[in-house]
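S.K.: Encoded as structure tokens, here's the structure I'll be asking about.
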Ligand code: BES
Ligand code: MN
Ligand code: ZN
């Protein structure tokens, strides 16, 4: 996918050359200066006249009209070198990739040296470039009969650098592409409609990953869940004609099965709310209620590719949450896998129920650290909006590591508290150990605190991605629809643990 070259020259024949430009654009240096000279100073003149912009997130396409063998040049403006953020940098580069795709070019050269700068060192730029390539070119083709003409793939990307670090840069670009494609994998799962992506289908996707990467796979069916006593997951599934699935993937990167990270995902393939039925407007979109499961599977893909020296057990609890004469009801009392009893006050607080059994099951499989990822509450959207994932923990040391991974991945999160009083509220049932819906006040916290009851003393982090798993605004990295959020962060966390 990425090849390297050390120098640009006017004889290099390309469909397109991408170069970066930091403010102030003139005087030019590097490849762009060489192009400028070969093109009778046209480039520097266009910068002077403002036709080529050096402002952040601006891209300009110019034709070389035979002056050099490169047919087109796309100039990416980044603004000031010491002001550009990774987010803006990635968006700007994504805009350039989009442009190349729009032009239906399958080959491009990129002057990596000019993309890097004070805030984005060269090695980092290479990795981010690989990621942006994947994220910006992602499409979910959908099911339209008269589909738009198939996009042309950018198959050949030549990275130019005079740094003498070509091998490392190529490796980094490849690494970034692996993280990006893990994210894209998660996005596709989330975008799939709920009649197609059932729990059974989710298990098939997990099986594919297991075959591809030699993970150990276990998929529990309903009878096995009944025998084990997974009463919480079974209750949510009770009204459905679609069988549930408890999916376990094990990756052993160490010689012994110890020091295990458990990645737990909420895999509700459709959430109607059950008898605590959602209003019609809030039900639309609930096919994305398996975003946590998708993030975990996306991360497992990255882990399968990178094979870090770390043990991982991924656990996904999957079912839909629907209504029928057999469905579970508010006022039911159920017994979870842990033995803890739960009074169901709201069948729409189903995520925490399936997570309860998944967290317990991850512990039974030896998890020493737990991260659960879930589109758990509308409350977290009210609290933090659509840009920040809500994060909760029972262990600040472990949280630090998760936050570090989130920063590296560009997937921001913000901590919300769980206090002793919050725990009292989830324990506040008169007839059972726990209550699944203690009221609207702080209900993102209630969801988290409930799941925390099952983590017990194991270091645990809960990620509520209800606001971040789907994006409303579109940028060059994310069209509307699934973001695949947390696939990168989870994989990064595992990689960080291994080093
Ligand atoms: N899947 C929803 C949360 C959700 C809401 C995800 C909006 C994405 C967008 C979850 O199962 C749910 O229904 N939560 C309830 C909890 C309440 C009943 C305590 C909520 O947030 O209202
Ligand atoms: Mn719900
Ligand atoms: Zn839900």
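Each residue, glycine too, has its Cβ placed from N, Cα and C.
Pasting the relevant annotations from TrEMBL:
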type	residues	note
ACT_SITE	278	active site
ACT_SITE	352	active site
BINDING	266, 271, 289, 350	Mn(2+) 2 binding site
BINDING	271, 348, 350	Mn(2+) 1 binding site
DOMAIN	346-353	domain 'Cytosol aminopeptidase'
S.K.: Per DSSP, what is the residue tally for the domain 'Cytosol aminopeptidase' (346-353) in helix, strand and coil?
M.R.: 3 helix, 0 strand, 5 coil
S.K.: Using Cα coordinates, what distance in whole Å links residue 271 (Mn(2+) 2 binding site) and residue 348 (Mn(2+) 1 binding site)?
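M.R.: Approximately 8 Å lies between the Cα of residue 271 (Mn(2+) 2 binding site) and that of residue 348 (Mn(2+) 1 binding site).
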S.K.: Rounded to the nearest Å, what's the C-alpha distance separating residue 266 (Mn(2+) 2 binding site) and residue 352 (active site)? Just drop the number here, would you?
M.R.: 8
S.K.: Give me the long-range Cβ neighbours of residue 348 (Mn(2+) 1 binding site): same chain, 6+ apart, Cβ under 8 Å, in sequence order.
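M.R.: Those within reach of residue 348 (Mn(2+) 1 binding site), by Cβ under 8 Å and sequence separation of 6 or more, are 271, 273, 274, 276, 277, 278, 321, 437.
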S.K.: Within the chain of residue 289 (Mn(2+) 2 binding site), which residues six or more apart in sequence place their C-beta under 8 angstroms from its C-beta?
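M.R.: When sequence neighbours closer than 6 are ignored, residue 289 (Mn(2+) 2 binding site) has 266, 268, 269, 270, 271, 321, 351, 375 within Cβ distance under 8 Å.
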S.K.: Of 266, 278, 289, 352, listed as recorded positions, which ones have a Cβ less than 6 Å away from ligand 2?
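M.R.: Within range of ligand 2: none.
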S.K.: Could you list, ordered by sequence, which of these recorded positions: 266, 271, 278, have a Cβ under 6 Å from ligand 3?
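M.R.: If the test is a Cβ under 6 Å from any atom of ligand 3, the answer is 271.
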S.K.: I'd like to verify something. Among the recorded positions 266, 278, 289, 352, which ones have a C-beta closer than 6 angstroms to some atom of ligand 1?
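M.R.: What lies within reach of ligand 1, judged by Cβ under 6 Å, is 289.
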